[in-house]
Amino acid sequence: MSDNRAQFLEVFPSLVQELRDILAGYGMPEEAIEWYEKSLNYNTPGGKLNRGLSVVDTYALLKGYKSVSELSAEEYKKVAILGWCIELLQAYFLVADDMMDQSITRRGQPCWYKVENVGDIAINDAFMLEGAIYCLLKKHFRTEPYYVDLLELFHDVTFQTELGQLLDLITAPEDKVDLSKFSLEKHSFIVIFKTAYYSFYLAVALAMFAAGITDSKDLKQASDVLIPLGEYFQIQDDFLDCFGKPEDIGKIGTDIQDNKCSWVINVALKNATKEQRDILDENYGRKDSEKEQKCRAVFNELNIQDIYHKYEEETASNLREKIANIDESRGFKAEVLTLFLNKIYHRKK
């Protein structure tokens, strides 16, 4: 485990204790406090923690530190708490998403609602994971001049993510295939709202507020790169689900059988002949590996892989141009954005 990740994980137990103390202060019985603690520990720290860690990394960069190790203990704890607030937001979304999708496993363990005795209580547990964000922000940031900015940022990004989720759920229900509902424009809206805001913009905006870079022009400079970057990231994900090697991506792609409104199917629909369209209409979104292969054959006929590689190079080039024109006069740093782009450009997993 990387040192950065280990140091970040060390902060979490103290936050769980603070949340326990809040419940105890309300006179909550111990069994309920233990339930909440179990939910926090089961659902929050298990992932890659990329979003949370990038708050810390971005803050260090904006403040001019050579590495995270140069932060004082107090400074580190503060930005790590903001990072953990994103991880709590992610946990809240995932617990709810897994119920909506009737998923079985998440991060190599049973989904929370599938754990013995949890079931539908997971709905309330999801709400309580979201509530934890605001408990922690109040305790640690209430006296900061940017406190209201943090609250608005979390509220706005949460609602934007839910809007993306709504459009996704009504566009591509697993049990009712209707490809006429799909389009590249709709796909773009879904991925920007469902993924880009909370996975890319949120971490950088939080680090900016903590570092005192709060001019709306700088927040706009960040979002103007990070939102299209987040869209590019999700398009990569869609592409890899279909064309990535299972040994690279660590899973077998299921988007075709799951009727996902993915970039791949939308590009195919845009370019398909009448015959190819009929094949996709009859075979996409069916739990049948032969039908999946028929879709894949159409994707190959349409040279989706070539279209993707052209898209990737054009997008990366556009983003690099935007980054080159960043105005750093108020303390924002283009390097933050370069690091994000370099992490995902040409990724295989």
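A Cβ is built for glycine as well, from the same backbone N, Cα and C atoms used for every other residue.
Taking all protein chains in view, 22 other C-beta atoms sit within 10 angstroms of the C-beta of Gln90 (isopentenyl diphosphate binding site). DSSP classifies Gln90 (isopentenyl diphosphate binding site) as helix under the three-state reduction. Summarising the annotation, Swiss-Prot assigns isopentenyl diphosphate binding site to Lys48, Arg51, Gln90, Arg107 and lists similarity to another entry as the type of evidence.
Feature annotation from Swiss-Prot assigns Mg(2+) 2 binding site to Asp97, Asp101. In three-state terms derived from DSSP, Asp97 (Mg(2+) 2 binding site) belongs to a helical segment. For Asp97 (Mg(2+) 2 binding site), the Cβ neighbour count at a 10 Å cut-off comes to 17, with all displayed protein chains included.
For Asp101 (Mg(2+) 2 binding site), the same-chain residues that are 6 or more apart in sequence and have a Cβ closer than 8 Å to its Cβ are Glu174. Residues annotated as Mg(2+) 1 binding site in Swiss-Prot: Asp97, Asp101.
The DSSP secondary structure for Thr195 (dimethylallyl diphosphate binding site) is helix. Taken from Swiss-Prot, the feature dimethylallyl diphosphate binding site covers Arg106, Lys194, Thr195, Gln234, Lys251, Lys260, and the record attributes it to similarity to another entry.
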**OP:** Count the other Cβ atoms sitting within 10 Å of the Cβ of Arg107 (isopentenyl diphosphate binding site), across every protein chain shown.
**Re:** 12
**OP:** Looking only at C-alpha atoms, tell me how far Gln234 (dimethylallyl diphosphate binding site) is from Arg51 (isopentenyl diphosphate binding site), rounded to the nearest Å.
**Re:** 15
Original post:
Of Lys194, Lys251, Lys260, the binding-site residues given in the record, which has the fewest other CB atoms within 10 A of its CB?
Top reply: Lys251
Subject >> binding-site residues compared (Lys48, Arg106) - highest count of Cβ atoms within 10 Å >> reply: Arg106
**OP:** Might you list, by sequence position, any residue in that chain lying six or more from Thr195 (dimethylallyl diphosphate binding site) with a Cβ less than 8 Å away from its Cβ?
**Re:** Thr161, Gly164, Gly230, Glu231, Phe233, Gln234
Subject >> For Arg51 (isopentenyl diphosphate binding site): intrachain residues, at least 6 apart, with Cβ closer than 8 Å >> reply: Gly83, Ile86, Glu87, Gln90, Tyr198, Ser199, Leu202, Ala203
Subject >> Arg107 (isopentenyl diphosphate binding site) versus binding-site residues Asp97, Lys194, Lys251 - nearest by Cα >> reply: Lys251
